[in-house]
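Chemist: First the structure, which I've put down as structure tokens, then a few questions once you've had a look.
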Amino acid sequence: MAFMDKSEVRQRLQKVLQQCAKAPTWSPKEEVRQSIFWKSIRAELIGSLVLMVFSCSRDSIYGPVSYGCTYAILSYCFKSISAHFNPVITIAALLLRSITPFRCISLVLAQTLGTLSGASVCYYGLSNETETGSAPISPVLNVSPAKGFGYEFFGTFVIILTMSSYLDCNDYVSESGDSNLLPLIFGLSVGLSSGMARQATGGFLNPMRAFSLALFELNHWSNHYIYWIGPIFGCLLAVFTFDYTRPIIPNRDSNNRINFPTFNKNNKYEVEMQPETEITLATLA
């Protein structure tokens, strides 16, 4: 087995540090003073609520289709602000150096509140005890825990790998208009992954979504950890896979400046922060 010499080790370490330096370093005080921060909080709260309401059906066909279509619509509506609606996706954005830890925690809290509110609407406002099909889906495993982990793991892996081009702070989208197709692609990945795992685990692929629905059915806590470790490990592997397979050549304009996509929050966010702080993407890079 060949070992790397010291110069090669230093070069690889330098590349890692350069990538980490491109992460946003805004302080919590700077972030809370910007309107885009609070807009992203509202977008995640409203989006998580609507997504929960439209994706809680027990039907094995309508449920995944509604889940994917609703996600595509919400992603299109909030694509220039924040369109995660899933704590695992927000964690992936943090690992890909697209958001700060403070913003990650804030978005997860907003998603939690929105998901819990949506679950309350499903159980107390939309469900009908006299109609079996109208009851919200329950986080119950229909397979062994190991197989349940596999379904949640691979389903989340596909979703995060698909969305990494949107979450990556160093990624770019050409001006050909391909970014308009991203919400549709995201919706397809969510719907197909949820449909794949529907019969086995319910196709939640979202720890907070499973937790919110389990709160209303106290007898459905057995093997609940599967709905947490499966998506989290799937997220970690997807981020690792994308981080080591993505193209590293950025797109540049006529002035030799890197073009960041409008679908990436860093560009829009940095523009709004410009008047109040000297931190820019140029200095971070």
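For all residues, glycine too, the Cβ spot is worked out from N, Cα and C.
Features from Swiss-Prot:
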- ASN128: N-linked glycosylation site (CARBOHYD)
- 36-56: transmembrane segment (TRANSMEM)
- 76-96: transmembrane segment (TRANSMEM)
- 105-125: transmembrane segment (TRANSMEM)
- 143-163: transmembrane segment (TRANSMEM)
- 177-197: transmembrane segment (TRANSMEM)
- 225-245: transmembrane segment (TRANSMEM)
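Quick one: where do these features end up spatially?
Modeler: The list of residues near the transmembrane segment (36-56) in space but at least 6 beyond its ends in sequence, with Cβ under 8 angstroms from a Cβ of it, reads 63, 66-67, 70-71, 74, 77-78, 81-85, 103, 106-107, 110-115, 117-119, 121-122, 126, 136-137, 194, 208-209, 212-213, 265, 268-269, 272.
Taking Cβ pairs closer than 8 Å, the transmembrane segment (105-125) reaches residues 37, 40-42, 44-53, 56, 82, 84-87, 90-91, 99, 136, 206, 208-209, 212-213, 215-216 in its own chain, all 6 or more past its ends.
Same-chain residues lying 6 or more positions outside the transmembrane segment (143-163) and placing a CB less than 8 Å from one of its CB atoms are 88-89, 92, 185-186, 189-190, 192-194, 196-197, 200-201, 203-205, 223, 226-227, 229-231, 233-235, 237-239, 241-242.
Beyond the ends of the transmembrane segment (177-197), by six or more residues, the same chain brings 55, 60-61, 63-65, 67-73, 75-76, 79, 83, 151-152, 154-156, 158-159, 162-163, 165-166, 203-205, 261-263 to within a C-beta distance below 8 angstroms of the stretch.
Remote same-chain residues near the transmembrane segment (225-245) are listed as 88-89, 91-92, 95-96, 139, 141, 145, 148-161, 164, 168, 201, 204-207, 210-211 (criterion: CB distance under 8 Å, separation of at least six residues from the stretch ends).
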